[in-house]
Structures are given as structure tokens and as C-alpha cells.
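K.L.:
This is the feature table in TrEMBL:
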- 1-28: signal peptide (SIGNAL)
- 44-253: domain 'Calcineurin-like phosphoesterase' (DOMAIN)
- 50, 83, 86, 252: Fe cation 1 binding site (BINDING)
- 83, 121, 215, 250: Fe cation 2 binding site (BINDING)
């Protein structure tokens, strides 16, 4: 009798658990991480994107120069702006491409630090869940990747955002590509929740500096141009919350655009391997400070009052520098 009476309750529990799985699969939740700065409160890091080609298209040369600059700057970590594995992401957590494009390429002592990654559209063409799996962290403990998350380092808050699900064309244009939308559908719910979570995290931040990282461009004169969906959904959040830097990849170039009506600097670091020469569009409405249609990467140094960025080409030459300051009003 007792066993018979338990069947309906078991059924209800099963239905409830299935419902919870459905809801959680489409709800965006931001993981929260910490990374301690240096003893003086400063932080240095490199930024590279669109790199994973098993060393080809000068990926190995860019990696070598990253190691050299990383040692000079004593970097604390590396940020990847996505498209980590070409052309179609990883096939699974044991795909040898992980070692062939990452572990065996970025071998310099200075690069044996945490790598904070976001997913790009090419990563979604493979097994996207593999890249956010804890298994990869066991294969190489440098690897850190979630769909979206925050990283605090005292004076700086970083916001890593999963931008691919916002771009309409990946859902309406096939072109022979298959995308791994597990955990994303229903899309509208996922993108709406993520937008709210990012907005809340930005508003709650009390850090001196706010840095947002996504794969796709917001402002850009390269091959892809502006990403209209991000102009609509994310640009107002960046401006309203006084974000200092938006860093992205997607376009295979190095670029710096300065907003004329806000504090936001738009920085593209997508030159980790294959680059696109001579493919540019007109700049409208903002100040174009720098554009380089070649391979390379970026460095950032942040202290309590100063922020410095530098772009480097594949030979390790510093080809663009920019800095800004903030002062505590209580010190004035």
C-alpha cells in the first residue's frame, strides 16, 4: 500500500525536476570570480582573440610575442575575446584541438597564468558546452570559461558577456553551419535574463574601473562593422553605467574607437591568428583613434588612478598607446 501511494508523489517530483531543468537551461546566471591584484593594487593583463588555428596563420608568432611582452609587464592573467577554436569549435572535452591550439601554443612562462575566456560564434559551431566544462580545467588549469560571469580585482570589475545568442543571423541563416544552442533556448528568455543580470551587476559595482568583454563588436569599422543587436541592447547599459572599456574580438584586427558622448572606449583585439587586410568601412559618430588590419594583441595596465593600453603587432612592436586617469574626489 505504501509503495502504491508513493507513485503519484514520485511522478510530481519528476515533473517538478524536469520543469526546473527547463527553466534553468534558459536562465542566465552570472558566475562571480575573484583575482587578487599585485601588492600595490595594480593589475596587468593581455587581451587576444580569434586565435585557435593549431599555430597556423602566425598564431605561434603572436603567442611568442605575447610571452615576451607578458614577461616585461609581469602580467597577472590573459583575456580571450572568443573564437577560441577554428573553424568549428571543439568536438568534445577530449578534442585534441584543445592542446594543439592552446596548451602547446601558449607555452611561455609568463603565459602560465589564468586565461579568462568568452565564447565566440565559431565556438558555438562545435560543442559549446565542452569549452565551459570543468574537464578542460583539469586538462589545463589555466582555462577559465563560462557563458557569462564577473571577475573582481579590487579596483576593477570585469563583466564577461555571452554575445553570440543576441545575433539574429546565426538563427535565421544556416549556410551549412550547425550551432550548439543547448542551454540557450528559449532564446528570448535567455537573452532577456542575461541583459537583466549584466545590468544589475554593473549597477551594483563600486569598482573604480568597469571593463566589459564580449566576442562581438559594438563599434567597429572592420569587416563585420557594428553589431546592430548589441548597439540596441548593450550600448545603453555601457553608457548608463559609466563603463570604461568594452573589449571584443570577432573582427580580425586591432582597433580603438572612443565614444564622443560617454566614457566608453571600444577596443578590438581579434588579431590572434588569421587577419583580413584592407577590409574596412567608414567610421561614423565616434572618434577613430587607431586601426590595424594585421595580427597582434593588446595589453592593459590598471591601477587605482590610471589605466594604460597598448597594442602590439606580430613582431612585438608597440603600434598604439592610450592612457587615462581617475582621481578620488576625497584626495582633492
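The backbone N, Cα and C atoms fix where each Cβ goes, glycine too.
Unlike curated records, TrEMBL annotations are generated automatically.
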K.L.:
If you skip the near sequence neighbours and keep only those at least six away, which residues in the chain come within under 8 angstroms of residue 83 (Fe cation 1 binding site), Cβ to Cβ?
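P.N.:
Those within reach of residue 83 (Fe cation 1 binding site), by Cβ under 8 Å and sequence separation of 6 or more, are 49, 50, 51, 52, 120, 121, 122, 123, 215, 249, 250, 270.
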K.L.:
For residue 50 (Fe cation 1 binding site), what is the tally of other C-beta atoms lying within 10 angstroms of its C-beta?
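P.N.:
There are 30 of them.
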K.L.:
For the recorded Fe cation 1 site, enumerate neighbouring residues of the same chain (Cβ within 8 Å of the Cβ centroid of 50, 83, 86, 252, site residues themselves excluded), in sequence order.
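P.N.:
Here the nearby residues are 49, 51, 52, 53, 120, 122, 249, 250, 270, 272, 273, 274.
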K.L.:
Given a 10 Å Cβ-Cβ cut-off, pick out the one of the binding-site residues 215, 250, 252 that has the most other Cβ atoms nearby.
P.N.:
215
K.L.:
Long-range neighbours only, meaning 6 or more apart in sequence with Cβ under 8 Å: which ones does residue 86 (Fe cation 1 binding site) have?
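P.N.:
In sequence order, the residues whose Cβ lies under 8 Å from that of residue 86 (Fe cation 1 binding site) (at least 6 apart) are 52, 53, 101, 122, 273, 274.
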K.L.:
Around the Fe cation 2 site formed by 83, 121, 215, 250, which additional residues qualify by having Cβ within 8 Å of the site's Cβ center?
P.N.:
49, 50, 81, 82, 119, 120, 122, 123, 163, 164, 216, 249, 270
